[in-house]
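Peer 1: Below are the features listed in TrEMBL for this protein:
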type: REPEAT; residues: 14-52; note: repeat 'HEAT'
type: REPEAT; residues: 91-129; note: repeat 'HEAT'
type: REPEAT; residues: 168-206; note: repeat 'HEAT'
type: REPEAT; residues: 207-245; note: repeat 'HEAT'
type: REPEAT; residues: 246-282; note: repeat 'HEAT'
type: REPEAT; residues: 285-322; note: repeat 'HEAT'
type: REPEAT; residues: 328-366; note: repeat 'HEAT'
type: REPEAT; residues: 367-405; note: repeat 'HEAT'
type: REPEAT; residues: 406-444; note: repeat 'HEAT'
type: REPEAT; residues: 523-561; note: repeat 'HEAT'
type: REPEAT; residues: 562-591; note: repeat 'HEAT'
Amino acid sequence: MAASDKSVDDSLYPIAVLIDELKNEDVQLRLNSIKKLSTIALALGEERTRSELIPFLTETIYDEDEVLLALADQLGNFTSLVGGPEYAMYLIPPLESLATVEETVVRDKAVESLRTVAAEHSAQDLEIHVVPTLQRLVSGDWFTSRTSACGLFSVCYPRVTQPVKAELRANFRKLCQDETPMVRRAAANKLGEFAKVVETEYLKSDLIPNFVQLAQDDQDSVRLLAVEACVSIAQLLPQDDVEHLVLPTLRQCASDSSWRVRYMVAEKFVDLQKAVGPEITRVDLVPAFQYLLKDAEAEVRAAVATKVKDFCSNLDKANQVQIIMTSILPYVRDLVSDPNPHVKSALASVIMGLSPMLGAYQTVEQLLPLFLIQLKDECPEVRLNIISNLDCVNDVIGIQQLSQSLLPAIVELAEDSKWRVRLAIIEYMPALAGQLGQEFFDQKLRGLCMGWLNDHVYAIREAATLNMKKLVEQFGAPWAEQAIIPMILVMSRNKNYLHRMTCLFCLNVLAEVCGTDITTKLLLPTVLLLAADPVANVRFNVAKTLQKISPFLEASVIDAQVKPTLDKLNADNDVDVKHFAAQAIAGIAAA
């Protein structure tokens, strides 16, 4: 019996250490122990967890924020460790305390865990344990507890009796009218979520007055959160009610004195459009959209410019073209030459999407002139955004309409002083080549692609070699043999060793897409030739290249040509050359 007791003591010893660490002065040790709380709870058993561990944790709430955050997170998954849903109420006290601390992230995590634990309560326990907690938080002296309370209404409301529901609605109204802006902000943030669980009659009588009030708050940080609630409320009401109860407030938000509120309206515009339906969109939202497109603040114009395509695509199909042509396009035309580059760039990323909606004739007549203005824009991002969305227009009118004006812009971007702009156009080149076709590409763009291989920035040379591989995948190995391989092989004789290295990098990737014949006949002789290069960096890259292209060579060729060259490199004076040669020999032997 004594031995058995000793084994129990031994098994609990690590747990005793963990519990001691919970009290340790070292924050990291306390944090580590909190993260292992579930282990401690499992060892203690459900009853001791309820009677000892949870009270102990409730007393240690005054700790570093990092420790409290970990504790709030752990307690959300603790229901099974205290004995299941019927004992979930034991987790409420520590979480309630955590929901009142000063640090926002701790409070947010505590509320998240409280919501999880509340959902696990039975309806009866919810009223007995969770609702009183919510009411205590609502009437707390500190704003911290009142902000936390806002997150619990939507979890409690659906499962309580009518009298309690009335009480909860009254409490929420109280928080919407709180004297502290942070509390009103939290209420505005959770208003949409609460609206989804409240009955329609009370939504109209209780919550919409709160919404109207929050949308007129003297703090713009509260008003902008009311915009988000506007989307949720509009989705829940029939069209007539939306028109009378929501739209006046929405119109007011769209012309708010604070640009941050107008920016939020711009961000949520397509969601609002889907919520209110086509008729209200045509009558009310189109004018609001126009208003935002000519907003005084560039941030608002940029935000709404990104919504142009989605807003237009969600318009009523019967009137879509007419609304775009008469009500949207004139404003878009102004944004094309907006003084702010972010606005022009935002528009350029979506304007091509109007083409499929308007059809070939209107694209050529109305949109093409705008695209051409953007292709000549001084801002490289604008030109790049147009070029990278060309496929939309190509599908509608064909690339020939664009190619004459397109080419100067591509050339300019390809030679831009900012290397990241050059990199972006390289990455788009294979798709562009597919749209333009092989003949046009050979005539106009092949020279550019070859030029990138000699760029002074390594990242550009590296991207240019991958670009070559993608172009061969696009146009095929016979094209590569005739059009680009001869030009790449010439680089092996360049006086600058960096160009000779780039030649090797190209041969590495081309072997993958050109097949055995071309690799043996054209690529391998050049690689073998460079094995005698005076620069050690080139020679060890020869060894690496031979290993990479060997899977695309016949065994007889490897034995006759590759292995003797690697043996020679393995006897090189340079230590790096010997290393990579030995690595290549081992790699080929293992293959």
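The backbone N, Cα and C atoms fix where each Cβ goes, and this holds for glycine too.
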Peer 1: What same-chain residues lie close to the repeat 'HEAT' (406-444): Cβ under 8 Å, and 6 or more beyond its ends?
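Peer 2: Result: 375-376, 380-381, 383-384, 386-388, 390-391, 394, 399, 451-452, 455, 457, 459-460, 463-464, 467, 470-471, 473-475, 479, 483.
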Peer 1: From the DSSP assignment alone, can you count helix, strand and coil residues within the repeat 'HEAT' (207-245)?
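Peer 2: Per DSSP, the residues of the repeat 'HEAT' (207-245) fall into 33 helix, 0 strand, 6 coil.
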Peer 1: Can you name the far-off residues of the same chain, 6+ from the ends of the repeat 'HEAT' (285-322), with a Cβ under 8 Å from a Cβ of it?
Peer 2: 250-251, 254-255, 259, 262-263, 265-267, 269-270, 272-274, 276, 278-279, 328, 331-332, 334-335, 338, 340, 342-343, 345-347, 349-351, 353-354, 357-359, 362
Peer 1: Taking every residue in the repeat 'HEAT' (285-322), what is their average pLDDT?
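Peer 2: PLDDT averaged over the stretch: 89.
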Peer 1: Any residues 6+ beyond the ends of the repeat 'HEAT' (328-366) with a Cβ under 8 Å from its own?
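Peer 2: Same-chain contacts beyond the ends: 286, 289-290, 293-294, 298-299, 301-303, 305-313, 320-321, 373-374, 377, 379, 381-383, 385-386, 389-390, 392-393, 395-397, 401.
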Peer 1: Which bits of the chain, at least 6 residues beyond where the repeat 'HEAT' (246-282) starts or stops, bring a Cβ under 8 A of a Cβ in it?
Peer 2: 208, 211-212, 215-216, 220-221, 223-228, 230-231, 233-235, 237, 239, 288-289, 291-292, 295-297, 299-300, 303-304, 307, 310-311, 314-316, 319, 323
Peer 1: Run through the repeat 'HEAT' (406-444) and tell me, per DSSP, how many residues are helix, strand and coil.
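Peer 2: Counts, helix then strand then coil: 34 helix, 0 strand, 5 coil.
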